[in-house]
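Below you'll find the structure, written out as structure tokens, and then a few comments.
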Amino acid sequence: MAETQSDAGHELHPMAEGDSHTVVVDLERQASAFRAESEAGNSQRNEISRTKTPMHLTFNDVCTYVPAELQVPGIVNTVKKLAKACAKGDAGKVPERQILHSITGVVNPGEVVAIMGPSGSGKTTFISLLAGRNHLRTTGEILYNDQHKPTDKAFKRQLGYVSQEDVLFEGLTVFETLYYTAVLRLPRAMTNEDKRERVSIILEVLGIAHVKDSIVGGIRVGRRGISGGEKKRVAIGQELLYNPSVILLDEPTSGLDSTTALNLIHTLHTLAQVGNRTIVTTIHQPSSRIYQMLDKLLLMGQGHLLFYGDASAATDYFATIGYTMPYGMNPADYFLDVASGWSGEAKDCGKLAVGDPQLKVLLGAIAAKPFERFKLAALESQSILKEVDLQTSRVGEEEEAEPEGASYLTQIGVICVRSMKDRRFESFSADSLGVAFFVAILCGILYWQQGRGENIATLVGASNVAALLFFLSMFLSVNLMFSSIFTFPTEKTMLLKEREAKVYPVSAFFFGRTLAGIPIDLAIPFSVTTIIYLMAGLKPTVGAYLLTLITLVISCFTAGSLGLLIGAAVLELKRAQSVSICIMLTLMLPSGFFIQNIPVWLSWISYLSYITYTFDALKFIQLKGRVPECPPGNDACSLLSSSQFDTLGPQIGILLLMLVVFRAGVYVSLRWAAKSK
Ligand SMILES: Nc1ncnc2c1ncn2[C@@H]1O[C@H](COP(=O)(O)OP(=O)(O)OP(=O)(O)O)[C@@H](O)[C@H]1O
């Protein structure tokens, strides 16, 4: 039996290259191989071909509303709006626009339903509602197997959702992307080998095995990776891995050439049929060959349901209400024309607006001769529900006992390793290393041996060393802080996507990302400090070197945490950058280097600045007892050697405390961001 399986796998061809039949035939062969293996007791492979619980989807009278006015963000605008609403006496009431109007229907297991409609007709809104990923005000009911709402936390894990935008890690290879998803989402009882094998099967099924070692690529990593169509298939593969009963896809074929799009729909069709999955996909402009492959069509126009039923019956239906398709036309093109307000005469060609007479005419014709969706839906619902009931009762126990996913420690480990691999092109890129080494060597040359005993014994030499210590702490910490503010805004979409699918808790993401940052964030401070230390001839004892290094590393981690906190709290890059510049300058100016006589009412800021404590600690380590006696009354000189504390402990302790507080703030901000979406 294993031979049959491997044969099926090896003979598959990449979709983009092979013809469409190959994939279907191969999938069918593979599916029969899976079934055969299942009979032989190999349940794992069987999971790929058939779902555990077939899902019957019903949506009834779904209406969705959005605010009718522009919602300008910001506290001032919110207060203004509230004041206006209170003055009018309608506080809390926001004028709304209806974007979905009474969408009703039924989708059975094993079917592929295509949602079609012109741009802005509500396809994305509707499919994201089916996936429980839309939080707009919605009335009506969406139920799976008559009991699960798509927003139910426990049930969400069973819904595969591929959004319109590709949310992938640009720095990972295709195999890594699918493998880490497999480790996070597949049952912990499965061995690593089985998970790898599952990934290999998915790669073959989706025709992307030939690019498994190519990176995803993108603007962030500055590298061209796999093609748009391949990215889309990687995203689909991530969902297929855990064998969901329902797969919802938002425009999976956009950007694909017609053959690749046809192959993708073939694949979905086969997955639905051999796996008894419920598949709903929005689709923009399907070719006539794709259209023929669809089981059901849900046509939308301006948020209204214009047709729902067998795709093959749509042409006849529209003919009966006076919209006869011209001979030889692609039905999909014709229905889009109709939904866009074209009634067959060239002069009427144009887009519909709500209340458009054309839409009213069409809706009137539909109301006069409905496509019997309600009757049909009710009948189908009853017969299919019986079948689903039977199958569900057989697998009912399995559904109750959803297998446990990765353990908490595995989640942290995977998030950590995945994040390190994703950042491998950035953190250790020639650019960032080049800047760090350039600055270190420039500093070393400019301050060449300034820290030696004879130089530091002069007032000028001691001042130079103090300036070098301040610069060193500023350069390293600001460097890290500014790179840290990008972390969460750029990973926000991935965090939200994986949180929506309940893959891991926020704390696992927080600890995983924190761990991933440690080696990368240590490397630059360590090498820069060592180069400058040797070239500038700072205090030549191992103890002083280690203390300087420890102080700078803690200071960098504190600054990095502040950067993460700003990024996590703001989650918007431009704003995060502006906020961090303000905070950094506020902390730097009163830190004891630029100005000594700070106005009393502002002096408290210096106590909040991690730079004050870092600079103090470095002066204590390098200058205490080594600088010349200050002439009486020379304040500038005495500042060289003075510290706020006579020992090192309090400075280091306060820095560590700040580090913990900032990290806790990061965690709270992430939780809040994940919740508020
Ligand atoms: N959060 C929102 N706030 C305001 N308007 C919204 C929101 N979401 C959707 N809309 C509006 O609802 C309508 C339908 O949008 P939707 O994105 O669902 O259309 P679509 O059919 O998927 O379009 P496309 O094919 O161009 O992606 C549009 O007019 C859009 O502006």
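Every residue, even glycine, has its Cβ placed from backbone N, Cα and C.
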With the ranges 468-489, 600-621 to choose from, which does TrEMBL describe as transmembrane segment?
468-489
In TrEMBL, which of 1-22, 133-154 is labelled region 'Disordered'?
1-22
Looking at the ranges 200-220, 578-598, which is given as transmembrane segment in TrEMBL?
578-598
Pop the mean pLDDT for the domain 'ABC transporter' (70-327) in here, whole number is fine.
86
Near the transmembrane segment (510-536), which same-chain residues lie under 8 Å Cβ to Cβ, leaving out any that are not at least 6 residues past its ends?
411-420, 423, 427-428, 432-433, 436-437, 439-441, 443-445, 447-451, 465, 468, 472, 475-476, 479-480, 484, 487, 491, 545, 548-549, 552-553, 556-557, 560, 663, 666-667, 670
Interface-richest range of 428-448, 468-489, 542-571 toward the transmembrane segment (648-670), CB pairs under 8 Å:
542-571
Determine which residues of the chain contact the transmembrane segment (428-448) at the Cβ level, with the cut-off under 8 Å and only residues 6 or more beyond its ends counted.
464-465, 468, 471-472, 475, 479, 483, 520, 523-524, 527-528, 531-532, 534-537
